[in-house]
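Participant: Swiss-Prot lists these features:
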- Gly7, Ala8, Ala9, Gly10, Gly11, Ile12, Gly13, Asp34, Asn94, Ile117, Thr118, Asn119, Met227: NAD(+) binding site (BINDING)
- Arg81, Arg87, Asn119, Arg153: substrate binding site (BINDING)
- His177: active site, proton acceptor (ACT_SITE)
Amino acid sequence: MKVAVLGAAGGIGQALALLLKTQLPSGSELSLYDIAPVTPGVAVDLSHIPTAVKIKGFSGEDATPALEGADVVLISAGVARKPGMDRSDLFNVNAGIVKNLVQQVSKTCPKACIGIITNPVNTTVAIAAEVLKKAGVYDKNKLFGVTTLDIIRSNTFVAELKGKQPGEVEVPVIGGHSGVTILPLLSQVPGVSFTEQEVADLTKRIQNAGTEVVEAKAGGGSATLSMGQAAARFGLSLVRALQGEQGVVECAYVEGDGQYARFFSQPLLLGKNGVEERKSIGTLSAFEQNALEGMLDTLKKDIALGEEFVNK
């Protein structure tokens, strides 16, 4: 199993690479790519960690050597948020980066599963889909927007509020991956009940958690370490499913049946070919139903922006 991380010299990429080096199954290969010249050195640094995961680093304009034979490609390349910016302010720079990298993936490892981490995910996933479609290699079961950070934040905040062990809580999060499009389904957390006020406050905190980190870092970056952990969790789940493990479920932002929007984050059963089944979002509370209806315009606009970027 070969995993490639594109954008591996950045804050998310380095954290993700460290976690994959220590947690990928024995015998896996990990390849790191970034435009930054430091990247081969990041790989050398990580290569000193005693795990049976082979690692190589590549830098420069061409990601091809890193992508050859990759089964999973995780893309975290791009610029980070600064205070006062929201994820959509990143669009102008990051759209071009994602387009370029996905074009390279389409040529070198068209059958790989691709996880897009680069924000704004609502839009960058649509860009990736259109690029793959133009290249004639798009498989909607193999393209994912990584929204796992919303899930781990939800798990953490719910556990804190309710005095639970964080590892015991699993909150499904649907919709998209920015602002109002992030919808934690708090009504579906087993064995926990919330007041209306708690639901309103928690939902807002989960939606704004990225901004909380950006402000706390005082201009020195955005959520890189927790995002690295979230991306590793998703990447490792994908690897386990590709290797034949049964019953692996993760939420991610994928193209589905278009019931709500062309791309939508929902629980997915993962399998040997990527998405095996798009699971139902279940029964929503009145609050959640309202929030779902209220986000769809924003989500659809985000998606259209990505489609137009490639097709203009």
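Glycine is treated like the rest: Cβ placed from N, Cα and C.
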Participant: Could you measure the widest C-alpha to C-alpha distance across Gly7, Ala8, Ala9, Gly10, Gly11, Ile12, Gly13, Asp34, Asn94, Ile117, Thr118, Asn119, Met227, the residues recorded as binding NAD(+), and give it to a whole number of angstrom?
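Facilitator: Output for NAD(+) binders Gly7, Ala8, Ala9, Gly10, Gly11, Ile12, Gly13, Asp34, Asn94, Ile117, Thr118, Asn119, Met227: max Cα distance 18 Å.
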Participant: May I ask for the distance between His177 (active site, proton acceptor) and Ala9 (NAD(+) binding site), taken between their Cα atoms and rounded to an integer number of Å?
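Facilitator: Taking the Cα atoms only, His177 (active site, proton acceptor) lies 23 Å from Ala9 (NAD(+) binding site).
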Participant: As a test of the contact definition, list every same-chain residue at least 6 positions from Arg153 (substrate binding site) whose Cβ is closer than 8 Å to its Cβ.
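Facilitator: Ile206, Ala209, Ser226 - these are the non-local Cβ neighbours of Arg153 (substrate binding site), listed in sequence order.
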Participant: In angstrom units, rounded to an integer, how far apart are the Cα atoms of Asn119 (substrate binding site) and Ala9 (NAD(+) binding site)?
Facilitator: 17
Participant: Of all the binding-site residues here, Gly11, Gly13, which one's CB has the most other CB atoms within 10 A?
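Facilitator: Going through Gly11, Gly13 one by one, the largest Cβ count within 10 Å is at Gly13.
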Participant: State the Cα to Cα distance, in Å, between Ala9 (NAD(+) binding site) and Arg81 (substrate binding site), rounded to an integer.
Facilitator: 16
Participant: According to DSSP, collapsed to three classes, what secondary structure does Asn94 (NAD(+) binding site) have?
Facilitator: helix
Participant: If you count CB neighbours within 10 Å, which one among the recorded positions Arg81, His177 has the smallest count?
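Facilitator: Least crowded of the recorded positions Arg81, His177, by Cβ count within 10 Å, is Arg81.
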